[in-house]
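Encoded as structure tokens, the structure appears first; notes follow it.
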Amino acid sequence: MLGSKTENTTAKTDLSKFKPKFKKELVHKDININTSSKTIEKDIEKKNSKRQHVKIEYEASASKMNKVMPGDWETVLENLREMRKNFNAPVDSMGCDKCQDENAVPEVMRYQTLLALMLSSQTKDEITHGAMTRLRKHGCTVENVLNTSDEELGKLIIPVGFWKSKVKCIKKTSEILKNHYNCDIPRTVEELCKLPGVGPKMAHLCMKTAWGEITGIGVDTHVHRISNRLGWAHSRTPEDTRKILEGWLPFEFWSEVNHLLVGFGQQICQPLKPQCSICLNHNICPYGIKHKNGSKKRH
Ligand code: SF4
């Protein structure tokens, strides 16, 4: 069963029993990553006094969503589990939950989880895993990353997508973690989203992998695309898809749906040429039904 294996994987990296040693008020993600720490703190105080936090936005958005469940969704889910039962997609062996040094102390493992997620944006799992392997060999701790020059850090993570901006975000995030979290990572979605380069998708996946807490559905391009093909969502952005899915999908399935759909998107329901003919859902998937006669108009 996919569900049970996913839970096992999560349990392997479940660090929820470890509490951060130190917590302090966080900074906001809109900060200028080139500013000094003191300037950042002042900037944050100003912004925090004026802005709504992500949590408020997130809860309000999800609660307003249509909770009508798509037809056959349970059958579709069972078929997805069946098609993913071999766990042989790139995400299964090289996903962000496979990038940590399992012999490291819990806070270092959590930091490595966060970094893997930051690197994974717009980047294939194989590339992210390779970069994290080099980073771990170099010494992937907050202190060590801060003591590494931008140039050297860049060389370690190339060829991840947008590596230059990721170097800056990693450096600034590491500085915040050192100054405000005693080199650990935040334990809430709201606080994680305030870190430079961290958005809701990363935050929810980080909460699951690093802290063992399910706080939302991590929606990347695979989950967004497949959800729309299946009719599970009709949306323009991954963030809208997340809100829609969280509106109707029972909470008990939130944990597995990202991993399930990402691997499915890597192997069968690819962006340009989905293999609908071998998909168990081709008779109940709106996209599969529409294109079963070989229509060229695909997206
Ligand atoms: S039928 Fe085609 S589009 Fe629908 S889920 Fe299967 S592979 Fe994807």
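Just so you know, glycine gets a Cβ as well, placed from its N, Cα and C.
Annotated features in TrEMBL:
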- 119-267: domain 'HhH-GPD' (DOMAIN)
If you average per-residue pLDDT over the domain 'HhH-GPD' (119-267), what number do you get?
97
Per DSSP, what is the helix/strand/coil residue tally across the domain 'HhH-GPD' (119-267)?
103 helix, 0 strand, 46 coil
